[in-house]
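Visitor: Please find one structure pasted underneath; my questions will follow.
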């Protein structure tokens, strides 16, 4: 089974968590693309979706799935999204696709966070994947200096502007032993919109695509 086939298997497995007549929170990325394709097969059973990126919104709408503004929705039963890394505590690094802020907002609203990944994303300690930070443009250099003080090596993601009009710093060389603590420390830096550590809001269910099939971790 290829990596893409493992992603697809995990994505389709998430359908069993979708409740009839509900609005589904939808993330961003290559694995979520498969989930949107899967969701299209049951689109008549759901009200619609809330999306974390313009890219996902366009794909949902291409299938005729209604996309709601989160401000119009008081509750979401599930949010389905991928991860760049995930540890045994279901803490994640996300934001490789630069949609981390909207992802974090929707995941905060959702009752359950369903994380869909292939088995290459499972790690013991977070940090091999550079940690994305969304930053107000004028604060980029200041935030970078503060991140160096925390032991990281921030790199400006050239040419990338988020859907919110901000920039991304990718922080290399972090071995994140205390994700909850670091998430709070980084978010306390003035000029940071949010960071790609999802520790405070960890995944509730992880569906892992493996060569042997989909494994469910809780």
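Positions of Cβ are set from backbone N, Cα and C atoms, glycine also.
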Visitor: Given Swiss-Prot annotates 28, 29, 30, 31, 81, 82, 83, 84, 94, 95, 96, 97 as substrate-binding, which of 47, 112, 121, 149 belongs to that site as well?
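Guide: The one candidate that Swiss-Prot places in that substrate site: 121.
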Visitor: Substrate site residues 28, 29, 30, 31, 81, 82, 83, 84, 94, 95, 96, 97, 121: biggest Cα-Cα distance, Å?
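Guide: Of all Cα pairs among the recorded substrate binders, the widest measures 16 Å.
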Visitor: For residue 96 (substrate binding site), list the number of other Cβ atoms lying within 10 Å of its Cβ atom.
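Guide: 20, counting other Cβ atoms within 10 Å of residue 96 (substrate binding site).
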Visitor: Can you list the residues of the same chain, besides 28, 29, 30, 31, 81, 82, 83, 84, 94, 95, 96, 97, 121, whose Cβ falls within 8 Å of the substrate site's Cβ centroid?
Guide: 27, 32
Visitor: May I ask for the distance between residue 83 (substrate binding site) and residue 103 (active site, proton acceptor), taken between their Cα atoms and rounded to an integer number of Å?
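Guide: On Cα coordinates alone, these residues lie 11 Å apart.
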Visitor: Check the DSSP secondary structure of residue 94 (substrate binding site), expressed as helix, strand or coil.
Guide: coil
Visitor: Listed binding-site residues are 30, 96, 121; which of them have CA atoms within 10 A of the CA of residue 103 (active site, proton acceptor)?
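Guide: Hits: none.
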